[in-house]
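See structure below.
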Amino acid sequence: MTVRCVQNCVTLARRAGTPHKGAKQRKGLMMRLGVIGGSGVYDIDGLEGAEWQTVETPWGAPSDQILTGTLNGIDMAFLPRHGRGHVHSPSDVPYRANIDALKRLGVTDILAVSACGSFREDMAPGDFVMVDQFIDRTRHRASSFFSSGCVAHVSVADPTCGSLSGKVAKAAATTGVKLHPSGTYLAMEGPQFSTLAESRMYRDHWGPDVIGMTNMPEAKLAREAEICYAPIAMVTDYDCWHPDHGAVEVSDVIRVMKANAANARATIHALTQDLSGTHAPCPHGCDTALEYAIMTAPEKRDPGLVAKLDAVAGRVL
Ligand SMILES: CSC[C@H]1O[C@H](OP(=O)(O)O)[C@H](O)[C@@H]1O
Ligand SMILES: Nc1ncnc2[nH]cnc12
């Protein structure tokens, strides 16, 4: 199935209280849970009415088709960040198309699953970290939907949704995995892993807890699209700073990733069992991030760019 410009249809259906087939009956705004699967997580099982949908966006094609359906009565939309078969390098993931496509499908909340290296002895391979801060060292990626012709500035002081992250943490805890409730993720450009000097500098002077290549600009774009975003980072290695572990090898990462992926799937299942299916107004304001963010006067806006922003910013344009 191909979805083109469905934003208005989705919004109208949700406001009219029309539940998605198989979804729980709801009062208020309907939740649709988006899951972005990282390395090792290319699908999720158990969806009722599962269908891989092609979604077109003004920002190009997303990483892959999007798997929709319901899980424990919750509307779901799953997108493998690197595509099935891991075809997109971290620098080339179409981050804007991915977030736009999820928004276009009516996603209100995103659980972002990622592999990461650790800078802390006590964050060991196999542990999960609820990331709540970022240091953005990416350099070659479009990091905003907005630009000249429609300028907007959203706050990313608190770049993740504390409310959704709390629910994800509770779900992850049911799997028995060791969970760290807070952590700072350094987003590097990649695709090479860090040099020893970089790894030591990050660890000794900058203070991040984990390192990965993909959560930026994803988190910033989710905020611009007014979607609650909860990243869960699954530790696969100690990066290269650790005297007992040496360089990061993909073979080691893949071995740990397989166990992590099973725990990620269990977390997603537990999360859907705990959700009501309603997206209550976000207490942190994620879903109103654009309220006062757009600076460009209406008569000065570029109509072409405004048209491209129909899904992510249609609420305020
Ligand atoms: C396979 S290790 C490097 C690779 O894994 C992570 O991807 P994701 O964040 O999508 O799980 C990391 O960021 C790198 O892209
Ligand atoms: N050490 C590391 N650095 C960057 N990305 C990673 N993904 C998994 N391990 C990583």
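Any Cβ shown, glycine's included, is placed from N, Cα and C.
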Looking at TrEMBL, R81, H82, S114, A115, T214 are annotated for phosphate. Which of S39, S155, S163 sits in that same site?
S39
For R81 (phosphate binding site), the spatially nearest of the recorded positions S194, M213, Y238, D239, V250, using Cα atoms, is M213
From R81, S194, M213, T214, D237, D239, which recorded positions have a C-beta atom under 6 Å away from some atom of ligand 1?
R81, M213, T214
Just to confirm my parser: what is the rounded mean pLDDT across the domain 'Nucleoside phosphorylase' (32-270)?
97
Using the centroid of the Cβ atoms of S39, R81, H82, S114, A115, T214 as reference, list every other same-chain residue with Cβ within 8 Å of it (recorded phosphate site), in sequence order.
G37, G38, G40, V41, P90, V113, G212, M213
Which whole-number value in Å describes the distance between the Cα atoms of T214 (phosphate binding site) and D239 (substrate binding site)?
16
Separation of alpha carbons, M213 (substrate binding site) and S39 (phosphate binding site) (Å):
11
